[in-house]
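Engineer: Annotated transmembrane segment per TrEMBL: 26-47, 53-72, 93-117, 129-146, 158-176, 229-250, 271-295, 311-333, 354-374, 386-405, 506-528, 540-561, in sequence order.
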Amino acid sequence: MEKAAASPAVGGSYPQKNAEILSSQYGINLFLAGLLLTFAWAVHAVGISKSHLLSYLITLMLIQLLWMLWYLCRSCTQRRLIQDKDTHAGARWLKCGITLFAVITLILDSFKIGYYIDFSNCLSPTEGIFPVTHAVHTILQVYFLWCHAKDVIQSFKTLERFGVIHSVFTNLLLWTNGVLAESKHQLNEHKERLITLGFGNVTIVLDDHAPQCNCTTTTLCSIFSQGIYYLYPFNIEYHILASTMLYVLWKNIGRKVEHHQQDKTPFKFHGITVGMVFGLMVLTSTIAIVVVYLIQIGGSKIKSELALTMFYLHAIFVLVLMCTAGIVALLIYRLEDRSLDNSKNPARKLDAELLVGTAAGSWLLSWGSILAIICAQGHPKYTWYNLPYSVLVIIEKYIQNLFIIESIHREQEKVNDDIKTLRIVTVSRGSTLSLTPLYKEIYNGRATHDTREVPCLFKGSICGRENDGTGVAKEEMSEDNSLVMHPASDFSFYSRNSGTNNKRRILKNIAAFLFLCNLSLWIPPAFGCRPEYDNGLEEIVFGFEPWIIVVNLAMPFSIFYRMHSAASLFEVNCKT
């Protein structure tokens, strides 16, 4: 009988497991087909044009739009039903971040529409349809994620698995398309910079697929064409964030969720002044360095070398500070005795995997630079700064990953069972004046739970009052009205609590500092400040084309790592 009772449950899990496998394979094939089409267009494959790639992407976005509309309509009809929610998924700050990136993506789409109008005589209609479709797709997807990112789907599970995984890989393909377009623009500028540094043997011809006709409005065309490439970093981050949120939604389909209320962890500026000040100093200096770098690089050989030297020295200083802060945080964790939360959590697991996986991109670039410095026959002076920079990039990510992963897995401090609700009362010659607000104090454990005694904090004027089981108030008063403090033993808890608060304050400042530092280090590569392109040493050792391929593959992951780390550190700051 027990086997018969268990068999339906076991048998019922097989179709869902098969649906998960089939949907994942569908998504991977969808992505590979789009990836191959993107590559074919990039290398000018015979019979493949940009209109073919855009048509494929438009089709995928339309299918996702239909699925999201179906899901939203079905959710409206089942609004009264209680649905399971994953409280760890789709945090409010993450939704606000993706909304900001989506707004800038809409500006990018408007620039593309304007660009198409100006070059409409020689551009395919798909280049005008694509930004319109993408804008509608962006608006509906952000609304969908705001309303349903926390959902744990329990009905139509097989259909929903295919719909969600289709959305995941559609966003990944749109991310790939943005990375390719931005990389082609960077390569055109990169070749000019190498020539100014004296690497005149670079003969590769780069093609940016420029339109073969004149613009109707020259000024607007220049604004649109230049503005598009400055907005691509935000578009890239938008799609990768959307794909991660949708992936968590896909992993949560059919999951059994423990019904417990998660403590809200709002962000507070109180107590993190030091970390914010130092972080803002790093952010401000980084923006200044990027501006000077972009102005100086490519101007002349001397200016380019000075720009590279300035970048490396600033980055080395920032990375040393980040390593020091991370080590201090890990030492504080070693001094604390707190267990780790090993419960199943798809969002937290994905965060940890993304941190390590995307860090591999910058590790690859760093090891390539180290090998180039070791193997190169000639070494310009500025390349020697690249060695400590590359080593520190590896070490800093290693330390930061340990800190973030341990932070998101640490159990939050639970409220002590001996917390008592005390009413502060004033006693004056037998009369009692009760203050209106309730005051929560932590009882040091001297009284037992059975007697429910609450010690007076002060003799005379202030004492605790607590209701017993019959509802009769019990008061403790001293005979005299002098204000006398408790012995030190009564406040031993408060001294321990003070030490804990100091540790928490240090950790919050470290998290705030690292958060701003990661935002600072996201800015240079996202906006064209890429010494991996510009110092020229790696191209000599590995060859121009092989190294450029390595950089174009690894750089998007390195850029995403910084933004994802900043998001994770923001969460760490809220939870600490």
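Any Cβ shown, glycine's included, is placed from N, Cα and C.
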Engineer: Quick one: do the transmembrane segment (271-295) and the transmembrane segment (93-117) reach 3+ CB pairs under 8 Å, ignoring pairs fewer than 6 apart in sequence?
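Structural biologist: Contact between the transmembrane segment (93-117) and the transmembrane segment (271-295): absent, because fewer than 3 Cβ pairs are under 8 Å.
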Engineer: Please identify the stretch among 93-117, 129-146, 158-176, 386-405, 506-528 with the greatest number of Cβ pairs below 8 Å relative to the transmembrane segment (311-333).
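Structural biologist: Result: 386-405.
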Engineer: Could you tell me what the rest of the chain brings near the transmembrane segment (229-250), counting residues at least six beyond its ends with Cβ under 8 Å?
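Structural biologist: Contacts with the transmembrane segment (229-250): 23, 86, 89-90, 94, 97-98, 100-102, 104-105, 107-108, 111, 138, 141, 145, 148-149, 151, 153, 161, 164-165, 167-169, 171-172, 174-175, 178-179, 181-182, 185, 346-347, 350, 354, 526-527, 556, 559-560, 563.
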Engineer: Counting Cβ pairs under 8 Å that sit 6 or more residues apart, are there three or more between the transmembrane segment (540-561) and the transmembrane segment (354-374)?
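Structural biologist: These two segments touch.
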Engineer: What else in the chain is close to the transmembrane segment (53-72), if you only count residues 6 or more beyond its ends and a Cβ gap under 8 Å?
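Structural biologist: Apart from its flanks, the transmembrane segment (53-72) reaches 30, 33-34, 37-38, 41, 124, 126-127, 129-130, 133-134, 136-137, 140-141, 144, 147-148, 160, 163, 166-167, 170, 173-174, 177.
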Engineer: Could you name the stretch, out of 26-47, 93-117, 354-374, 506-528, with the greatest number of CB pairs under 8 A to the transmembrane segment (158-176)?
Structural biologist: 26-47
Engineer: Hey, which bits of the same chain come close to the transmembrane segment (506-528), Cβ under 8 Å, at least six residues off its ends?
Structural biologist: 186, 189, 230, 233, 271-276, 278-280, 282-283, 286-287, 289-290, 293-294, 311, 315, 318, 321-322, 325-326, 328-329, 332, 400, 403, 407, 555, 558-559, 562-563, 565-566, 569-570, 572-573, 576
Engineer: Which sequence-distant residues neighbour the transmembrane segment (354-374)? Criterion: at least 6 residues beyond either end, Cβ under 8 Å.
Structural biologist: 244, 383-384, 386-387, 389-391, 393-394, 397, 401, 404-405, 532, 537-538, 540-542, 547, 550-551, 553-558, 560-561, 564-565, 568
